[in-house]
Amino acid sequence: MTENNQDLKQNWTRHREGVVQAACGTQLTAKSWLTEAPLRMLMNNLDPEVAENPNELVVYGGIGRAARNWECYDKIVESLTQLNDDETLLVQSGKPVGVFKTHSNAPRVLIANSNLVPHWASWEHFNELDAKGLAMYGQMTAGSWIYIGSQGIVQGTYETFVEAGRQHYDGNLKGRWVLTAGLGGMGGAQPLAATLAGACSLNIECQQSRIDFRIKTRYVDEQAADLDDALARIAKYTAEGKAISIALCGNAAEILPEMVRRGVRPDMVTDQTSAHDPLNGYLPKGWTWDEYRVRSVSEPANVVKAAKQSMAEHVEAMLAFQQAGIPTFDYGNNIRQMAKEVGVANAFDFPGFVPAYIRPLFCRGIGPFRWAALSGDPEDIYKTDAKVKELIPDDDHLHNWLDMARERISFQGLPARICWVGLGQRAKLGLAFNEMVRSGELSAPVVIGRDHLDSGSVASPNRETESMRDGSDAVSDWPLLNALLNTASGATWVSLHHGGGVGMGFSQHSGMVIVCDGTDEAAERIARVLHNDPATGVMRHADAGYDIAIDCAREQGLNLPMIGR
């Protein structure tokens, strides 16, 4: 390391005590709602109710951060408070690098996180850059400032479990149970999603603090003392037809093989540990968490090797369940790839959740549409829930989701909601929300965004674009085009990331957020962005030859030159 690099490293801080929370109400810190919104959502990502490790700037997903370091965070906040409505802030891997004059309909913030030239797109190279303070892993919604806690993935997981139930169990999961692991920011959605889908679940987690948090927020119902206790509870509740979620503190790489040895038969098996990041997200069997964190710094190569070997045993157990006739699927954490790299040749024998259950929704531009109330008032979310029902009156499944969400989901940080809606519906809802702000029905503006896990915004051959009909799994032009189009359409902030969900070298993806501030100008931007964004998903799947997408494109009047209208 050069002397200059040493000086650079001494000038940044990853750990800082204190509490970050978004402001609420209508008083602005920034110059307008267009800059107040990204400021509040950045802070909301680091709210202790939202983030997994806010003192380290970690929001979720291993080391998915909101800013590169605390010095960068402070400068982002300062830049946003001073930003004018004809300027754009550029953020490079969590670091504010420039403010440029643009125009009022341009994004206020453009973000690029953890993008590497493909030949160098590996965890090894990224970790070198990260250690020098030259990069930041943004995951998907951590570095793009639109994470809303575990609710953000609950409905997607719920839709997956419901569709799996429809395919394998005649649409009825009563008396059935799901076996899974991981109760972090993403995996923490699984127990509640299973409950809402009507199934029991056994959720293995190696950190007691995560179990405590999921019980506190009502995502998990109970904790078992050990495996025997857990299986006894599962047997009792499934016999009674109750949908109860049970947590078990332990290591999935040890517990799943033991369940296979015992001949235990779940009704569904998946996994949402942070297997995408073996250095920071997957505990090797036989290790304590504290030992893992220390050795991750002192001997990273050995840690990665041990983690991948444990993943191999985990995946071999999942394969055994599948071979026993139990529906088994990867939930997008790249655990199959990690196992394959250390010798599990048939790791991909069980499918990913997108090709198995979700792709027909993507073909119609349906995906994780989300919004947050900048007022901090839950009533604003309840009013928007009612508006969704009013504007989409015939979708009983969606109405049922909204009712269950209100009853069961605890808000984390700023009140927010997610619901899976598609092309045509998103723009209709966004314009209605903007009008509610204009009329005063909502007490402050709302922001509308989505997960990067959406129909047109991601290239991820082991997850969202696995087994594409035309073989275009690894073509990453599509998320780049999505980001460019959202920028041209006037989204309030746009992000382009690499490595989210499945880790370095395995994905590229883009995100957008738009502010509904009640103005005519906002309405024009909303109409463009919330049409064009899901339309790219329909376009992408139509181009790959999916009839559902081609039909949707024709119904919606999309101008796709290579697809006859």
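Note: Cβ is positioned from N, Cα and C throughout, glycine not excepted.
The active site annotation in Swiss-Prot covers Cys419. Cβ neighbour count for Cys419 (active site) (all protein chains, 10 Å cutoff from its Cβ): 21.
What Swiss-Prot records for 61-62, Gln139, 185-187, Glu205, Arg210, 251-252, 272-276, 282-283, Tyr331, Gly501 is NAD(+) binding site, and it gives sequence analysis as the kind of evidence. The Cβ of Gly185 (NAD(+) binding site) lies under 8 Å from the Cβ of Glu52, Val59, Tyr60, Gly61, Gly64, Tyr147, Gly149, Ser150, each of these being in the same chain and 6 or more residues away along the sequence.
Remote same-chain partners of the compositional bias 'Basic and acidic residues' (463-472), defined as residues 6 or more beyond its termini with a Cβ less than 8 Å from a stretch Cβ, comprise 330, 332, 334, 351-352, 354-355, 362, 453, 501-502, 506-507, 543-546. Marked as compositional bias 'Basic and acidic residues' by Swiss-Prot: 463-472.
Per Swiss-Prot, the feature region 'Disordered' maps to 453-472. Note on the region 'Disordered' (453-472): DSSP counts are 0 helix, 2 strand, 18 coil.
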Q: State the Cα to Cα distance, in Å, between Ser274 (NAD(+) binding site) and Cys419 (active site), rounded to an integer.
A: 24
Q) Other than its own, how many Cβ atoms are within 10 Å of the Cβ belonging to Tyr282 (NAD(+) binding site)? A) 30
Q. Using DSSP, would you call Cys419 (active site) helix, strand or coil?
A. strand
Q. When DSSP states are folded down to helix, strand and coil, where does Ser274 (NAD(+) binding site) land?
A. coil
Q. At the Cα level, what's the spacing in Å between Gly501 (NAD(+) binding site) and Cys419 (active site), rounded?
A. 20
